[in-house]
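Inspection log for the structure reproduced underneath, given as structure tokens.
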There are 2 protein chains.
Amino acid sequence: MKVTIKDIIDKLMEPVGQLESTVDTLRSGSLNTEVKGIVTTFMATHHVIEQAVAMGANLLITHEGTFYSHLDRTESLEKDPVYREKQRLIDESGIAIFRFHDYWHRYQPDGIMAGLIQALDWQSYVDDHQPAASILTVPAMTVKEIAEYAKNKLGISFVRVAGDLSITCTRVGLLAGYRGGGALAIPLFENEHLDLIISGEGPEWETPEYVRDAVHQGRKMALIVLGHAESEVPGMKHLAERIGMMFPTIPVHFIPGKQIFQVI
Amino acid sequence: MKVTIKDIIDKLMEPVGQLESTVDTLRSGSLNTEVKGIVTTFMATHHVIEQAVAMGANLLITHEGTFYSHLDRTESLEKDPVYREKQRLIDESGIAIFRFHDYWHRYQPDGIMAGLIQALDWQSYVDDHQPAASILTVPAMTVKEIAEYAKNKLGISFVRVAGDLSITCTRVGLLAGYRGGGALAIPLFENEHLDLIISGEGPEWETPEYVRDAVHQGRKMALIVLGHAESEVPGMKHLAERIGMMFPTIPVHFIPGKQIFQVI
């Protein structure tokens with residue numbers, strides 16, 4: 001039976017219902033094209049698009065915007081050579097690019113968070129899934145040990161840590177993506193009696209500085225910042241697994257992409 | 001002659017004129033208090049406030065907000081123990097805390113940028129001071145060499161780098177603080193023929209991903225992310241020097257603070 005891009009999108013959006021405002025749109029391609037193969041990824045980079053095309057996929061599902069901003073507007077890029085070359089690749093390959101961001105975060109639990117917890121192998125330690133965070137009670141480890149554990153499980157080369165590396169943690173708050181800001185993260189320490197927050201990304205003058213003050217005051221507290229992509233990549237792998245189960249006749253691949261930063 | 005806090009603030013704001021909207025306010029203390037000593041810093045942390053009080057300063061000039069957000073609102077922190085303990089220290093010490101952010105950035109050249117360029121010893125390489133960036137032509141070095149040079153000059157333990165570490169750079173764009181986002185940084189590569197941008201902080205899915213695509217397309221380009229504080233601390237040292245010259249009878253100190261993150 002022919003499966004179209006519209007069939008895939010409808011199925012993916014179904015558990016959430018219709019969002020009034022969303023960045024989850026079809027950036028290229030047509031809804032009634034038959035799907036030959038699907039690739040999921042955190043970010044539709046130039047390289048990932050080439051890899052997806054080479055794999056025979058004609059639908060690329062990306063979590064973040066293709067052109068370097070959340071709203072993915074390109075007016076200011078019209079004369080930019082990097083934008084133009086990437087847009088030409090998209091046009092010439094005919095690949096459809098669908099953004100799956102808001103809907104995936106609205107799954108219950110959040111699909112990105114579910115993937116992160118699965119990658120960390122912490123499924124059995126979840127106490128509570130809140131809309132923007134999950135609260136866990138993990139076996140006692142120091143912050144340093146958890147940092148090494150997370151690097152190993154997520155396959156990443158570094159994390160950044162604020163606070164006291166030597167404290168033993170059991171109460172952990174997880175915030176994937178750009179949810180590490182103070183308004184979301186700071187109240188969790190007190191309200192959820194957390195030892196540690198593990199976040200994707202957030203303003204450096206907010207939660208890290210709160211943790212710095214808290215530790216100076218003698219409180220036991222730390223923050224591990226994984227990196228935005230590093231915290232959300234597993235959620236897009238998880239999505240590939242889900243789509244594979246829903247559409248078993250369609251080849252579905254996941255492309256992780258490389259870590260964006262090196263530390264020098 | 002008695003110098004009041006108002007005298008200091010008036011003198012600091014004078015080169016800019018009156019901004020209609022600003023975060024630069026006196027958070028604690030009174031305008032007509034006589035100034036006994038001044039400390040400048042990037043962030044009025046709990047530790048820095050203690051150090052300033054111990055030095056005999058009664059005016060602390062901070063670049064970022066005291067309570068973990070740009071607008072520095074504290075309604076949601078009223079019951080937070082870290083906030084309460086820090087606020088108690090401020091109240092009991094009687095120290096005045098003045099935020100000097102918007103005005104210092106509006107100096108020509110931007111006072112924060114002037115401090116950063118001075119710390120990098122690149123004063124003679126500036127081609128252009130734009131409102132949000134400075135453009136330099138530096139002696140040819142690889143990205144790796146510039147990263148090591150910047151770490152050494154700024155006294156920081158790591159930087160994050162995206163793009164090609166091996167390319168030789170001469171055209172450099174500098175963006176201090178939270179100006180590393182795509183809207184400000186991306187157009188500079190093309191418009192200013194840059195090899196390298198050095199920024200403080202910015203969203204990870206914007207400029208770094210642009211650089212990743214550009215390098216994959218065969219372009220020679222890189223991004224060094226210093227860290228927000230790491231890019232602005234020298235500007236607050238520079239401020240201490242300026243105030244010391246303007247008010248030679250008042251003791252003026254600069255407290256750098258420690259780097260907020262460790263890399264694991």
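Backbone N, Cα and C define each Cβ position, glycine as well.
DSSP classifies B:GLU232 (divalent metal cation binding site) as helix under the three-state reduction. Cβ contacts within 10 Å of B:GLU232 (divalent metal cation binding site), excluding its own Cβ and spanning all protein chains shown: 27. Positions annotated as divalent metal cation binding site by TrEMBL: B:HIS63, B:HIS228, B:GLU232.
Checking the binding-site residues B:HIS63, B:HIS228, B:GLU232 against chain A with a Cβ-Cβ cut-off under 8 Å leaves B:HIS228. In the structure as shown, the Cβ atom of B:HIS63 (divalent metal cation binding site) sits within 10 Å of 26 other Cβ atoms.
For B:HIS228 (divalent metal cation binding site), the same-chain residues that are 6 or more apart in sequence and have a Cβ closer than 8 Å to its Cβ are B:GLY177, B:TYR178, B:GLY200, B:GLU201.
In this structure, B:HIS63 (divalent metal cation binding site) is part of a beta strand by DSSP.
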